[in-house]
């Protein structure tokens, strides 16, 4: 195999994000549901026989040593001498959005190079490599929507009803470290239980699926959102812009993107014109990652 093209790296939304405590080492304890959506970056990998790693930015210019190159370098330690790769990245998922774009790119890179180089490393080993790159990388490697706990290391797959969403990303970004270090961050939300999320098979087969879907997508809140709104008023602007169209929005991750579930109906809904510089997209959620099963 000399190349693999058109490899998707899907973004995620946090349906809720609770901070339930803080460890002595400073890491925050969280609970969240990570949901894959069809807003994707695209990677292309080509085999190099000189042992070199190179990257080509096909859309947005990326930092010289981004997560993709770091992922490739970490995996290359398991490759045969002389195995290298040229990696092309077409970015579509915005940065500083709370959508996991960089982590998803790293996960897709690991899955792709594991196959390109014929390494056949198991998913558990890839996850060990991935967690050193970022806490969200193992989720994307796992390939399923998930209930996430601890500092992000406890991942349990969950089923989520199919739904459509509108995601709005204002041009301003947010520094995750600033949010987590804020003195007014809520760090004591009571621990929830997965059954309270109501995303089990019995709920999915309920007579009124819209009712059960509402429970799933309206569960909990995002503890990071009040701090983010204080630091970045554009988050509030985005929530209010969606609210003016009858959509109940909340922030994903540490922002600055916000999202809202769309009512059942046509594939594409008519939305008001977004302010200049905003990225707005209507998305569907995914049951599994497009590369699910590439490592087991």
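Backbone N, Cα and C define each Cβ position, glycine as well.
DSSP gives residue 12 (active site) a strand state. Per Swiss-Prot, the feature active site maps to 12 (among others).
What Swiss-Prot lists as ATP binding site is 94, 95, 96, 97, 98, 99, 100, 101, 102, 103, 104, and the listing cites sequence analysis. Shown in sequence order, 14, 174, 251, 252, 253, 254, 255, 256, 257 are the residues of the chain, 6+ apart in sequence, with a C-beta less than 8 angstroms from the C-beta of residue 98 (ATP binding site). Under the DSSP three-state reduction, residue 98 (ATP binding site) is assigned to coil, being neither helix nor strand.
The active site feature in Swiss-Prot is assigned to 136 (among others); the stated evidence is sequence analysis. For residue 136 (active site), the count of additional Cβ atoms within 10 Å of its Cβ stands at 23 [all protein chains shown].
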Cα-Cα separation of residue 102 (ATP binding site) and residue 136 (active site), in Å?
9
Using a 10 Å cut-off on CB atoms, tell me which of the binding-site residues 96, 104 is the least crowded.
96
Hey, what's the Cβ neighbour count for residue 94 (ATP binding site) at 10 Å?
21
